[in-house]
Structures are given as structure tokens and as C-alpha cells.
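As written in TrEMBL, here are the features:
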type: TRANSMEM; residues: 32-50; note: transmembrane segment
type: TRANSMEM; residues: 70-90; note: transmembrane segment
type: TRANSMEM; residues: 141-160; note: transmembrane segment
type: TRANSMEM; residues: 167-189; note: transmembrane segment
type: TRANSMEM; residues: 195-213; note: transmembrane segment
type: TRANSMEM; residues: 276-298; note: transmembrane segment
type: TRANSMEM; residues: 328-349; note: transmembrane segment
type: TRANSMEM; residues: 383-403; note: transmembrane segment
type: TRANSMEM; residues: 409-430; note: transmembrane segment
type: TRANSMEM; residues: 451-477; note: transmembrane segment
type: TRANSMEM; residues: 483-501; note: transmembrane segment
């Protein structure tokens, strides 16, 4: 069973260990995270500095200021429903498996294995794609910073080839693997640094950017200007608004990390849910404030989106560079601001690999992955080292698509949002249907509002799934075709095919590894 961890009272340690044993598992990972540390991992992986900055072009192109500033609030409300429902289920089942374990417990005995299998594969593939998109966006940002630092695209600046960007990405991935090979105490420090950096970064940039700007957008422009000049052949305002919402949705993923860290968290049935809810709530607030500050310096949308500008069409990079250049005659300050964002993205990627590895550890512990015995091993420091490097390898392979086709790569990273949100929604679907009358809540619960909030969450994910699959340009051609439904449909088809041909004969859902029978 292991010893009582330092800083964790005997009663709490016994309660956490006993509850985990009731759920069918031994305590194998070191339980050393507080509620703050658990929150920090999710807050760092949501990382509003990462999400807003790297997807700002999408929001600016489709609807502009209105679709971003007001759309963010709409997304925040419904995303809050998803988070609350997940938190309620997490409180009842605080295990590292998280979503796929929840599906198994809530779907009923007949459907439990299939529900668990599909949920788990959507979640882990979505997580691998998340690491891919985060670390690749950091490599792209570094490339843009180098370009601007050497004179810009129009001043003879160095524009890295796709092979150089891939090399930068690989180096970032390896560093993330090395960091995640450290014991949980060190990893906890990186998680807390990520949360602190996002808060401090937003605070500094929100004050600095508008104060430096010589020319600022009016309040009316920020909240009411609707950009229809997207250059993609789409003119319907509702359609443009729908596509613009995707930027806000992209920026609010990854909070299942708190669930995946519960077996390393003290008082897990309370701390895990609080980590989910608080990370989403604070990210929604800080993200909106940061979004307003960025939009305040957006005054020439066509120029910022123009691929022939100094930043090669990277809107936020160009806006910050221009803002500082107009005030001080140099864009160095703007590049420094991008550096703040780059550190946030790096810490986000660190947390992403952490989440990947804990999900992979749990999924392989239940025998759902090829060579499961290899992946769920932990070393002397109680770190699932093998699956850490499996996560790194999976992200590396996914990014290789960028060398062949940018369209193929976009399809790959689109699995990030939809793969994760589908895996978020599936256990909630079962919570409000098959387990509606049998669900036994934990310390954190929504009371009589649980089913209504869950239904709203499921409806929202269903709507977002449709929006992500819509064409993003007309006329549709091979260079602008939205391969999201193909990529996500591929994950579904492969997981179902594997189930029908192989897994249904042996996979029975979460497998207990204690002598005592697991209970709900």
C-alpha cells in the first residue's frame, strides 16, 4: 500500500486510499498534490495566453471583435455547464482514468465495456493531439519571433523552413518528456508556475498593451464591430458568427487534467472537482480580459490577416510589433510580449504531457492499450515513465503530417478539441440517461440541478461538434476543405472497428487490481 505521504494527515491518506480501493485500484502513484496544485495543472493546460493568442486569427477572420468578445461569454456559460457536470462525476469517481472510468460506471453493465472503450480512445487521442497542437504552436510562435527579430518578412528577416519548425517542435517535445520524468513534487512546481505565469502574464499584458498603443480601438468597435471581410467566400452573418465561436471553444480545453491527477491529489473527491470548476471559471474571466486588451490594439483587420505583413499573417504578433514600433521606433517590446506568451505555451505543453501520461497510465492499467503491461509501470519515484515517453512519441508522429500537408496537420489537431469534448460529453450523457436515478454523488454535487446542467452540457457539445465540421470556406476546394469530420470520424471508426473485431472479446472496462471487490 505504501507509506503515508509527507504533509498528508493519516486520516486523509487512509480515506483517499480506501476510496480508491473501493473503486478497484491500489495506491501506486505518489499522492502529494494539494487542491491548489490540482487546480494549477488544469489552469496551466487551459492557459488562456496559449489558447487566445494562437487561435486569435480564427476569431478575427470570422466575425472579428464581436464574435470574440461576446462569443467568449456565450461559450463560457455553456463550458461552465460541462465543467460542473464533469466535476460532479469526478467527485463520485476520483480515479486517474477519469472519463472512460466514469462512462463504464454510468452506462450500465451491458454497455459499460463499449462506452468505456470509445470514451477512453477519444480522450487519449484527443490528448495526444492537444500536446501536438500546443507544442507545434509554440514552434510556430518561436519562428515568428525570430522572423520579426531579424527584420520581418518585408525586411529580409529569417523565415524558417517547415523542417526547421519541425526540429524546434521536436526539441520542445523532448524537453517536455524530460520534465515529466521528474518526481511529482517537481512536476507540481511546474504546474503551479504555469498557473502563476498565466495570471501574472495576463495582468502585465492587459496593462501594458493598451497603455503603449498610440492608436486604440473604441469600446464600440471592440463590442459591436462585425468583420465580414474574411476572404473565404463566406458572407452569411450567422454562419460567420458560428465559425467565430470556435476560437473561444479552442481556448477552453484540457480541464479533465484535474480528474487525471486525482490519484495523486489529497482529498481527491473534493479537490479534483474544485480543480475542474475553479480552473474553468478563472480561465473564462482572465481569458476575456486578455481578449479585450488584445482587441484594443486591433484597428486594421485586413492588414493584420494579410500574409504579406512582417509577421507573415500572424495577427497578434503583427499587432504587438506595430504597437511598440509606433511608440518607441522599435518592435522589441512587442517581441518581448510574445516571449511572455511563449513561456505560457511551454508550461501548457508541460502540463499536457502530464495529463497524457496519467490518462495513458490508467487506460493501460485496465488493459485497453497495446502492450499495456509496459505502459502502466511506474519507476522508483512512482512516475509512469514509459507512458510519458509514449505520449511524447505519439505527439511527434502526429506532427509529421505537417511536413506533407498543412491541411492534413490541421485535421490532426482538430481532433484536440472535438476528441476531448466528445470524451467529456459521453459520461455526462450516461449521467443524465442510464444513471439518472442510480447516480450516487460524492461530496461535490449539483443536487436537483444535476440533470438539467448535464443536459445543457450535452446539447452544447452536440452543437459545437456540428460547428467544427462545417466548411470554413466557399467554394470548397482541396486546399480549404475542412477535414475535421474525417479525422474525428476516423477515430470513431477505428475505435469501433477495433471493438468489433477484437476488443469486445476481452475488454470488460476498468479492471480492479485489488483483492477486494470494487463498488460504485
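Placement of Cβ uses the backbone N, Cα and C atoms for every residue, glycine included.
With a threshold of 8 Å between CB atoms, the same-chain residues lying at least 6 positions outside the transmembrane segment (32-50) that come near it are 5-8, 130, 134, 137, 184-185, 188, 190-198, 201-202, 205, 251-258, 261-262, 264-267, 270-272, 274-276, 278-280, 282-283, 286-287, 290, 340-341, 344-345, 347-348, 350-352, 354-355. The stretches the transmembrane segment (483-501) and the transmembrane segment (276-298) do not meet in space: the count of Cβ pairs below 8 angstroms, excluding pairs fewer than 6 apart in sequence, stays at fewer than three. Using a Cβ-Cβ cut-off under 8 Å and counting only residues 6 or more beyond its ends in the same chain, the transmembrane segment (141-160) has close neighbours at 53-54, 168, 308-312, 314, 317, 321, 331, 334-335, 338-339, 341-342, 345. Among the stretches 70-90, 167-189, 195-213, 328-349, the one making the largest number of Cβ pairs under 8 Å with the transmembrane segment (409-430) is 70-90. For the transmembrane segment (195-213), the list of distant contacts is 39-40, 43-44, 47-49, 286, 289-290, 292-294, 296-297, 320, 323-324, 326-327, 333, 337, 340-341, 343-344, 347: same-chain residues at least six beyond its ends, Cβ to Cβ under 8 Å. If one looks beyond the transmembrane segment (328-349) by at least 6 residues along the same chain, the residues whose Cβ comes under 8 Å of a Cβ in the stretch are 44-45, 47, 49-50, 53-54, 131, 134-135, 137-138, 141-142, 144-145, 148-149, 172, 176, 190, 193-194, 197-198, 201, 204-205, 208-209, 212, 316-317, 320-322.
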